[in-house]
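Worksheet for the structure shown next.
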Amino acid sequence: MRPLPSRRRKNGGISLGLFALCLAAARCLQSQGVSLYIPQSAINATVEEDILLSVEYSCHGIPTIVWRYTSKWGVQKIVEWKPGTQANISQSHKDRVCTFDNGSIQLFSVGVRDSGYYVITVTESLGSSQFGTIVLHVSEILYEDLHFVVVFLAFLAAVAAVLISLMWVCNKCAYKFQRKRRHKLKESTTEEIELRDVEC
């Protein structure tokens with residue numbers, strides 16, 4: 001006959017099973033970590049435009065979000081914050097940045113110097129992190145240059161019209177002058193002929 005299992009052994013097995021289950025769940029959560037989604041990884045803009053650098057993240061707990069700006073002028077931290085708290089915005093971007101709880105930021109009145117790479121890092125309280133990059137290209141408005149070209153072309157067209165008119169007037173005057181000269185020559189030759197006839 002078998003001995004009956006003791007109660008102590010049964011409780012130890014349950015607690016060991018619960019511990020293993022919790023450990024597996026923690027590992028699963030830790031391996032999941034942070035996920036980051038960037039709907040638009042490249043943005044074209046013009047000077048003085050307001051730009052939304054849109055992202056979405058998912059993680060466990062409240063993460064720390066950091067945006068950095070990288071260009072040929074160097075790397076610079078723009079802003080750091082935890083959702084629900086006040087953002088720590090760098091001096092260079094004061095009054096030019098607005099933060100959102102989903103991790104997105106909005107840049108106001110961008111200039112050509114704002115062109116570059118914008119890197120977001122989302123770090124979870126457990127230590128796992130994820131980063132993503134958005135490329136921003138800012139170009140100057142060409143309306144002023146285009147306006148100048150249009151005005152210059154209009155000026156050239158007006159000058160061409162005046163020159164064509166002057167050439168037409170000169171041509172008419174030359175034609176009239178030649179006609180008068182021919183007429184005078186004709187008259188003088190007829191007078192000479194008449195004089196010769198009279199003398200003969």
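One-based numbering along the chain as shown.
Including glycine, each Cβ sits where the backbone N, Cα and C put it.
Taken from TrEMBL, the feature signal peptide covers 1-28. Look at TrEMBL and you will find 40-139 tagged as domain 'Immunoglobulin'. Taken from TrEMBL, the feature transmembrane segment covers 146-170.
In the domain 'Immunoglobulin' (40-139), helix, strand and coil residues by DSSP number 6 helix, 54 strand, 40 coil. Mean pLDDT for the domain 'Immunoglobulin' (40-139) in this predicted model: 91.
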